[in-house]
Amino acid sequence: MHPAGEKRGGRPNDKYTAEALESIKQDLTRFEVQNNHRNNQNYTPLRYTATNGRNDALTPDYHHAKQPMEPPPSASPAPDVVIPPPPAIVGQPGAGSISVSGVGVGVVGVANGRVPKMMTALMPNKLIRKPSIERDTASSHYLRCSPALDSGAGSSRSDSPHSHHTHQPSSRTVGNPGGNGGFSPSPSGFSEVAPPAPPPRNPTACSAATPPPPVPPTSQAYVKRRSPALNNRPPAIAPPTQRGNSPVITQNGLKNPQQQLTQQLKSLNLYPGGGSGAVVEPPPPYLIQGGAGGAAPPPPPPSYTASMQSRQSPTQSQQSDYRKSPSSGIYSATSAGSPSPITVSLPPAPLAKPQPRVYQARSQQPIIMQSVKSTQVQKPVLQTAVAPQSPSSASASNSPVHVLAAPPSYPQKSAAVVQQQQQAAAAAHQQQHQHQQSKPPTPTTPPLVGLNSKPNCLEPPSYAKSMQAKAATVVQQQQQQQQQQQQVQQQQVQQQQQQQQQQLQALRVLQAQAQRERDQRERDQRERERDQQKLANGNPGRQMLPPPPYQSNNNNNSEIKPPSCNNNNIQISNSNLATTPPIPPAKYNNNSSNTGANSSGGSNGSTGTTASSSTSCKKIKHASPIPERKKISKEKEEERKEFRIRQYSPQAFKFFMEQHIENVIKSYRQRTYRKNQLEKEMHKVGLPDQTQIEMRKMLNQKESNYIRLKRAKMDKSMFVKLKPIGVGAFGEVTLVSKIDTSNHLYAMKTLRKADVLKRNQVAHVKAERDILAEADNNWVVKLYYSFQDKDNLYFVMDYIPGGDLMSLLIKLGIFEEELARFYIAEVTCAVDSVHKMGFIHRDIKPDNILIDRDGHIKLTDFGLCTGFRWTHNSKYYQENGNHSRQDSMEPWEEYSENGPKPTVLERRRMRDHQRVLAHSLVGTPNYIAPEVLERSGYTQLCDYWSVGVILYEMLVGQPPFLANSPLETQQKVINWEKTLHIPPQAELSREATDLIRRLCASADKRLGKSVDEVKSHDFFKGIDFADMRKQKAPYIPEIKHPTDTSNFDPVDPEKLRSNDSTMSSGDDVDQNDRTFHGFFEFTFRRFFDDKQPPDMTDDQAPVYV
């Protein structure tokens, strides 16, 4: 026995007590406890004092805890008390004071200046720490603090004094028993000031129990809450590396030496308080509210080990309270501690009021939670949970989790209020529990994590009950999942039904649209067939119109199929839904997706049926249903149709662009010519500069007005019909006057489009318009306006009142040679003017030679004129034409009989060479050249053949190749060498006979290769060709008044009515007019139409502004 272990205050009777006291005395002589001084917070490391005087620093490896002595079974743990050091050792170098802390106990001095023999045996090599709270921070400078700040299961209250002080290094004063060094620092390193004393307990409780004696100030700092520890855990080996920075430092589930000493002394009643045998009652861990009389003690708290191992992740619950630990940043993902936040289940039954109890000797129960109990500041009362003693049959790991409810946050809160709230919550929970048992769980109830009820017994629930509760929770979760799956399936079914309804609605809209399109195609087809039949009846040898330019390739695939019942995609096969316009024609696609079926724009809402088949889509007009339009008048509807955008072939585009560019260039040239002509006239007259400037301004103003007038639309209502002049094969000629210029008369030639198209005269009409528009000389009838409407084409020309040459021939019979010489000379000049413009008239005859009021001639009727342009070629306007078609009179037809045909390049070269030749059979057979009839190619020399035939008719009185039928006439013209005879009774002069022989000859020997060859002939001796129009004509027609038409042949009224344009219905050409492009760029307006210059040559014609 150690000599220091002598008994103080009596020697115990039994052997066990003696051994315990002996061990305690050894501890007191081995360790010296340091105190934290209140003012001086500097920390002094604990050291060993050896016999040889050397002090070894106590490193963290020496902070060991002694294995506690096993108390007797009847002993119970006593509350923490402060044991003052014995008088024999206080103040000595080897003495010290004992401090209960979370770090450990250090020894500064040893009695008698030496280390005890048991020192080596009591210090293990490594500290065995609880593995769940191993941390990375060093623990040598921080002491144990309240578990409310460092434990995951602690309270989340924020009214701790740790958060209100700055950090100051703490220290321990060795040998200072009066210092308040027992106040532990916070985990974050903040220094703490000793808190004030707790509020006074209930006065009713003090009357029933013995009041505790006052605690001396020196030992107030040692008043501590119980530290969580377990004595039934197997020890774990701590890692050899540096410890973590967690402020929670346990003693491997064991008590520190001061706690062991306090518990053992309390169980043996070795330290009576106040010098009497009464036991000193420590301050209770709870705020006692209620008397101490007969109230049953509260049930023991559950096992801390079981609660640590049974914690789950937090989930939403109606009866859960989330208790979060402070975010100190020391818990890592690999920590074995409890997760935070922790679901704490509230017990359904009301809690019993805490009663003061007498600490009796009982079996040792491990303390699982410890917190600082302040004595100076008003702190909330924290909860201390004590783990009950585990039964020997069941292990601690299988115990169910029971966590007590948190106490009120502030001590001022009345216990009655808390009890009422707990009772109300318990009653609501009990009713809800009964309701849940009576009715199946609904899917809206969130899953419960922990056990929602706690049995009203002191013993923990058995393993079977725990497994039953878990099984019930699993079944409830499965039921909820099944109900959620059923709801999802129902929603999917509803969505599918809605999609099917939308698909059916879209299908109905598409069916109605397809039906409308089929009806429209049938109507178009009927109209096309009717027009083709009419055209075939009018001209059986003529080919029909071509089909629309864009055709669809689907003939049998236009059936509308029902859509597949997919969730999101609507597969609808509809050949009519193509892009507009389709270039090239869109092929049928079975996988075409109709994304706009619900927004197609159909407003009729008809529910059409599924179409089994439909006709082939020959023309795509639109991609969406035609909306219903307001009912308007027929005139407005016709006007609207005129501006509808229509599809045309590439030939139409080529035709339009060539004509448009040609007209633009022509307008520029004409404007430049007028400007230069004005400058020439002003320079010739010698006008002053100021006058020249004014003239130029007037010309520019005229040009601007002309451009505006060209854009103005014209119609026949702008003219007033006076009387008819003549009737032709395609229309009529009428004397008219313009409304705004009544002093000028015009001859308006009207051509019906239907007749032009039937007889394939589109190229001729186009050529006549171009010649009359470009001809700006005095030998050609001047064209002022040209325009069109839906049914007719209109030419507004200058009125020539003297009639035509044919009327004069009929009237006179045979011309005198002087009269014939005059008219032949003027005809020669007129033909030369046409040739200079690059045209060939090809229809020179007495009917097309007009005589004006002065007796001079003008050429007209340029319907058969050609300018060697592709727009003047009739083959271009032939229906169903293609690039592979060849002219029947092309030169390589001869090679097909005698040998192989020329190659493609040779044919192209020959075609280019033959471009200057004409191969069409046109004109009157009496006046046409033989090369034209033979289609061997002709040039402008063919017009001089016609001049020779007219001279023959003037002098002889009849055509040279007169016959009973046109076919006989044609044969005579071809065999002209045998059939051309000049009768001697005509008594023609030698010059006239020679000129006829020279003009009516073969093309290689004919006069006319140049106009000078003709003018230099002896027949024209004495004729001044330079001033022909200034000479007085030998014949002046008789004109009684400006509107006199007696010089023309009378018009048959029956013929006139049958050809009246106003009587035509217009249905014959309505469809063709919409699709035909030959009449583009037909409108024309001449410059200076209101002020016409006098008849002058081009060189002398001034520009009137």
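Glycine is treated like the rest: Cβ placed from N, Cα and C.
The annotation active site, proton acceptor is assigned in Swiss-Prot to Asp843. The Cβ neighbour count for Asp843 (active site, proton acceptor), using a 10 Å radius and every protein chain shown, is 21. A coil conformation is recorded for Asp843 (active site, proton acceptor) in the three-state DSSP classification, outside any helix or strand.
Positions annotated as ATP binding site by Swiss-Prot: Ile725, Gly726, Val727, Gly728, Ala729, Phe730, Gly731, Glu732, Val733, Lys749.
As annotated by Swiss-Prot, compositional bias 'Polar residues' applies to 33-54 (among others).
Residues or ranges marked as compositional bias 'Pro residues' by Swiss-Prot: 69-81.
The compositional bias 'Polar residues' feature in Swiss-Prot is assigned to 242-253 (among others).
The feature compositional bias 'Low complexity' is assigned by Swiss-Prot to 307-320 (among others).
Residues or ranges marked as compositional bias 'Polar residues' by Swiss-Prot: 325-343 (among others).
Look at Swiss-Prot and you will find 387-400 (among others) tagged as compositional bias 'Low complexity'.
The compositional bias 'Low complexity' annotation in Swiss-Prot covers 415-437 (among others).
In terms of DSSP helix, strand and coil, the compositional bias 'Basic and acidic residues' (515-533) has 19 helix, 0 strand, 0 coil. The compositional bias 'Basic and acidic residues' annotation in Swiss-Prot covers 515-533 (among others).
What Swiss-Prot lists as compositional bias 'Low complexity' is 551-576 (among others).
Residues annotated as compositional bias 'Low complexity' in Swiss-Prot: 589-616 (among others).
If you look up Swiss-Prot, you'll see 627-643 (among others) marked as compositional bias 'Basic and acidic residues'.
Among the features that Swiss-Prot reports, domain 'Protein kinase' is placed at 719-1020.
Summarising the annotation, Swiss-Prot assigns domain 'AGC-kinase C-terminal' to 1021-1091.
Look at Swiss-Prot and you will find 33-81 (among others) tagged as region 'Disordered'.
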Taking the domain 'Protein kinase' (719-1020) alone, what is its mean pLDDT? 80
Tell me, how many other CB atoms lie within 10 A of the CB of Gly731 (ATP binding site), whichever protein chain they belong to? 23
Give me the long-range Cβ neighbours of Val733 (ATP binding site): same chain, 6+ apart, Cβ under 8 Å, in sequence order. Pro724, Ile725, Gly726, Val727, Ala747, Met748, Lys749, Thr750
Rounded to a whole angstrom, what is the C-alpha distance between Gly731 (ATP binding site) and Asp843 (active site, proton acceptor)? 18
Tally of helix, strand and coil residues over the compositional bias 'Basic and acidic residues' (627-643) according to DSSP? 9 helix, 0 strand, 8 coil
Neighbour count (Cβ, 10 Å) for Ile725 (ATP binding site): 22
Going by DSSP, is Val733 (ATP binding site) sitting in a helix, a strand, or coil? strand
